[in-house]
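The following features are taken from TrEMBL:
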ACT_SITE  D176  active site, charge relay system
ACT_SITE  H212  active site, charge relay system
ACT_SITE  S383  active site, charge relay system
COMPBIAS  461-471  compositional bias 'Low complexity'
COMPBIAS  472-575  compositional bias 'Pro residues'
COMPBIAS  576-626  compositional bias 'Low complexity'
COMPBIAS  639-655  compositional bias 'Pro residues'
COMPBIAS  656-670  compositional bias 'Low complexity'
COMPBIAS  671-689  compositional bias 'Pro residues'
COMPBIAS  698-713  compositional bias 'Pro residues'
DOMAIN    725-855  domain 'SCP'
REGION    461-719  region 'Disordered'
SIGNAL    1-18  signal peptide
Amino acid sequence: MARLEVLIVALVASVVSAKISAQVHRELLVEGIVQEVVVNFVPVNLDSMVLLDAFDANRSGLVDALIAQSKKAKRVVDNVLGIRINGHCDKFFYIDNTFFPCGSLTTNEIRALANSPSVQSISKAVVARVNPLKVTAFESDAAAAAANQWGVDKIQASAVWATNATGTGIVVANIDTGVRLTHEAVSSNWRSDFGWFDPDAGSTTPSDSNGHGTHVMGTIAGQVNGIGVAPGAKWIACLGCPNSSCPQATLTACAQWLLCPTDALGNKDCTKAPHVINNSWGSTDGASTWFEPSISAWRAAGIIPVFSNGNSGNDCGTVGSPGMSPQVIAVGATDSTDGLAYFSSRGPTYDNRIKPDLAAPGVNIVSAYAATDTTYAYMTGTSMAAPHVTGAVALYLSANPTATFADVFMALTTTVDTNELVIQSQSCGGISDAKYPNNNFGYGRLNIERATKTIVYVRTTQAPTPETTNTPEPPPSPTPSPTLAPILSPTPSPTPAPALSPTPTPTSSPPPAPTSSPSPTPTPAQTPPPTPLPTPTPTYAPTPSPTSSPTPVPTSSPSPTPTPSSSPSSTPSPTPTSTRSSSPTRTSAGTPAPTPARTPARTPSITPILPSTTKSVGTLPLASTPTLPPFPTTRAIPRPTPVPSPSSTPRPTPRLTPSSTPRSTLTPTRAPTPRPTPRPTPDPTPARTPRPTSSRTPDPPPALTPPPTPALTPAPTTSVRVSSNLKHQLLFQTNKIRAVHNIGSVTWNDGLAIQMQAWADTCPGFQHGGPSGWQNLATYDRCGLQECMAIAGAAWLWYDQEETLWNYDTNQCSTGAWADCGHFSNMMSPQVSSMACGWSECGNGNYVWCNYVTPVIYPQVPLSTISKEQLAASLVG
């Protein structure tokens, strides 16, 4: 018995000791005390809350929950340390539930704190510094030129201004070295109300003793000399890096203030939070997660975080943190010739995700500088690339005020420029630069003009050379589809790090010729909630009997002839519109994963390569910028019907037969499509002719007739055990799709629970991945990797962040294989080559497209309630 007690005591001591970082242990061993530590309490589980992810949502509930958790942490500290607490300098932060003690703590005090179950870890506080590798001479008080700077023109910001979208109504922020308020480029658009926070000194008006923060803000929202991407936006700022250093406590204070700003008296007003926050700082420790709880809180409040990807290039795997976070937009740097900057950090992340997400101009960028009110400077680094994206986010939000993080991420990453990029000789993470996204440029270089005027978002992933078997069959008899706008829902993945030296000479270019007026492209019809049989039209309301639509029968061959295709609408809508749900809701931004035990990060740093200021911006050397091809005209262009190419080997065509098993069926309501004057009208697609094989001759498919639309019939309640957050996400996504079709909303009992039960009963691959491992979201039971890998044919997969997806190259489940878009349930066939497939309208996850031959062929297959075998038969090439 005594031995057992000794073992238990030893085990408890081991657990307590494991919470204390090696650095803290070492300092206690040598000094007997430790200074500058942070006690990390278990953060609020945002999974249990209804996350907002919409800027106009009420944040008070979120902030109140965070504050309540922090008060519990303070009680633990009070009980352990008692009178040792110095209230005037000890710091508690509710945004990440941390405690920064004032002064030193002894070994006994550290162990007493670690002994609390609510303490997650105790580590040394991180300190970031501004350490430019090269600073050149500069001249100040320059007379600036009126021309736009090359980076602003490169991303086509001026074309967006021409549409009266300049950032008006949007509030941008940065955490940096401050901003020189009196500088001519930024003095008139500061929002003075809840507009500045200095956590350390308590100053009441913006200032900048370094220059980095002023330069960054000038690129985001500068109003003079064409330096700012969003000159109509208002800005606020937090001094997170005083005296060229960025202490962890100061950065956390800034993160908390920007979540819910306070005035000089401490009165908070969460409605004053910014829409987007620029973070041009980071750590070279790409596995550090100390800032993740703050990012999760921002995302839950609908705030969009943008981070520089770091200046530790040009080796692979040099992305740092917090830019490596899957919850942020991470930005790499390009030069004026669209080459990747030599210093720009590259992916993959430590857990093999693609980073950066985007690339933007970051070499020899001219912007405001803090020396005087009229000083401008060249600066280089991913610190300069990130504010181009932050400004672009402001432009997009000014044109789309209700857009969420998911919408913004999808818009920016699906409209990038890739053809102009200079292919790198170095492929990182096994992904060539000829494929996008990759670990050098991400999805490509930012083009905000395309993002703001494009309504249809289709991933333009470049396909590898297709095999002869990957040739699609002609589709069945075409059925016109209603045209509607997409609902977007991607997932981000970002990454910053420190800085290297700049390139000596700037290159720039005159503004490219304006493109033609914007023209949204009509999208194919979406099929929201599932039905047990694939039908040619969207289905909504559940019916007790099965539809008459034929169901493909899986072939016995592992490689059946592909049949998916998207019949072009015979009457495409000239102006697709996006109809949103009236209530702000959470998109695929993601269920924040549990924060792992924190480990001390290496010394991070702001990521610029500091400046050479110049006397006259007008005399800055400029280089030519290639003129981008004009965007599609205002007339809607129907999508061409894929033309089949012969296969080297005849394949059996899957037979379409009516389903013999009745299931709950959601029947369609077709939305009317206004008739435009299309430019080319594609010829009608001929009906598919069965191709003989040595084994059998398939029957011709029966005609597909859409069933009538009955009234909504509530489905019976089921006992499916689904987490509240998942239930919220599924219900929101379903109703968002229905709203696009002008169909009434449903409740959880209106068929959605039955759908979840069916998935739970029939498809064990309905997975959710993350740091805690795979989970079956239908039942919330844990399941393992082998179960996922054992799935044959297609896999039912959910992801809302960097989650579990099917890796088509390795034919197994992996994390982050397609970390670009999606929400809802996606079912894909592993036989399809990974780089040839992606999601169209991935905000609802209802369609998968495969680029078998050329980028203009997008056969689409509705995923609703189609079986694994049916999908495999329809997609295998």
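Including glycine, each Cβ sits where the backbone N, Cα and C put it.
What TrEMBL says about a protein is an automatic prediction, not a curated fact.
The Cβ of H212 (active site, charge relay system) has 31 other Cβ atoms within 10 Å, all protein chains considered. Mean pLDDT for the domain 'SCP' (725-855) in the predicted structure: 39.
DSSP classifies H212 (active site, charge relay system) as helix under the three-state reduction. Taking only the Cα positions, the spacing between H212 (active site, charge relay system) and S383 (active site, charge relay system) is 9 angstrom. Other Cβ atoms within 10 Å of the Cβ of S383 (active site, charge relay system), summed over all protein chains shown, number 36. Each residue contributes its Cα atom, and for D176 (active site, charge relay system) and S383 (active site, charge relay system) these two points are 10 Å apart.
In the three-state DSSP assignment, the secondary structure recorded for S383 (active site, charge relay system) is helix. Its Cβ placed at the centre, D176 (active site, charge relay system) has 30 other Cβ atoms within 10 Å.
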